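Colleague: One structure follows; several queries about it will come next.
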Amino acid sequence: MHKARLRGHCARAGKSVRLASSGMTRRDPLTNKVALVTASTDWIGFAVAQRLAQDGAHVVVSRRKQQNVDQAVATLQGEGLSMTGTVCHVGKMKDWERLVATAMKLHGVIDILSLSITNSKRGLFWFTLLQTAEEAWDRNLDINGKALALMIKAVVPEMEKRGGGSVGFLASVAAFRPLPGFSPYNVSKTALLGLNKTLAIELAPRNIRVNCLAPGLIKTSFSRMLWMDKEKEESMKETLRIRRLGEPEDSLGIVSFLCSEDASYLTGETVMVGGGTPSRL
């Protein structure tokens, strides 16, 4: 049923596919903006897609599996939000091209790119330096570094046609305070801080802003091994100024702000959302 609904929605691409989002009670800072959100069928990515649509954007979600895309689209359309989706494996160039082409076919423009990419092969980053195989280094740096850069490269020409845009992606508190036993992950997330600064400089003349979010310990499937163990959870809370673990929703206002015109003079910034986790001066 969900697949049929998504196919039916995409089949109407020749007509207006911009559904009017309903039930909003606040100003819509992203009205008529078009946003691509990767890895957006669950957890933080899903919450980001939902919030951007609630704030007025027309959102294209993506994930590796069609059934997950269909379910997310059906759920969010059911809330009266303007939502479409397509399959996208961030490690495959053809999938990036299809994601961009889908957005352009449906909406004609791209204003926002939100990259919520996580390495899905969890066993490839829980290692120290001496335990880490070459495959783990390749996988982490490919997904958390190269794939993001190339995805942004694919979108920039379309943003330029629009006169500019906003790019955002996720680093981690581990970029500032490395997690013991997560060497490949720590290094790949630290690399994103450099990517953020570099692209902010390169893309500013094109009126494209680039900013980064660095979440702390947020309750997601990635961190499940920590918060599902009550003893570990309590130990983690001791490192926080705000004595609770984060929820995906804790980042949403900041993401929407960074994508909006309210942040038009912000680029190259990394915002920590970590409950006061000690991370830098």
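Placement of Cβ uses the backbone N, Cα and C atoms for every residue, glycine included.
Below are the features listed in Swiss-Prot for this protein:
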- 36-60, Lys189: NADP(+) binding site (BINDING)
- Ser172: substrate binding site (BINDING)
- Tyr185: active site, proton acceptor (ACT_SITE)
Colleague: Give the sequence-ordered list of residues that share a chain with Leu52 (NADP(+) binding site), lie 6 or more positions from it, and have CB atoms under 8 Å from its CB.
Modeller: Leu30, Lys33, Ala35, Val37, Val59, Ile112, Ser114, Val255, Ser256, Cys259
Colleague: For Ser40 (NADP(+) binding site), which residues of its chain lie six or more apart in sequence with Cβ-Cβ distance below 8 Å?
Modeller: Phe46, Val48, Ala49, Val59, Val61, Ser62, Arg63, Ala72, Gly85, Ser114, Ser116
Colleague: Nearest by CA distance to the residue listed as 'substrate binding site': which of the recorded positions is it, out of Leu36, Ile44, Tyr185?
Modeller: Tyr185
Colleague: Distance between Val60 (NADP(+) binding site) and Tyr185 (active site, proton acceptor) at the Cα atoms, whole Å?
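Modeller: Roughly 27 Å, rounded to the nearest whole number.
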Colleague: If you count Cβ atoms within 10 Å of the Cβ of Tyr185 (active site, proton acceptor), leaving out that atom itself, what do you get?
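Modeller: Within a 10 Å radius of the Cβ of Tyr185 (active site, proton acceptor) lie 25 other Cβ atoms.
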Colleague: List only the single closest residue to the residue listed as 'active site, proton acceptor', chosen from the binding-site residues Leu36, Ile44, Gly56 by CA-CA distance.
Modeller: Ile44
Colleague: By a simple count, how many Cβ atoms lie within 10 Å of the Cβ of Leu36 (NADP(+) binding site), its own Cβ left out?
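Modeller: If we count other Cβ atoms within 10 Å of Leu36 (NADP(+) binding site), we arrive at 29.
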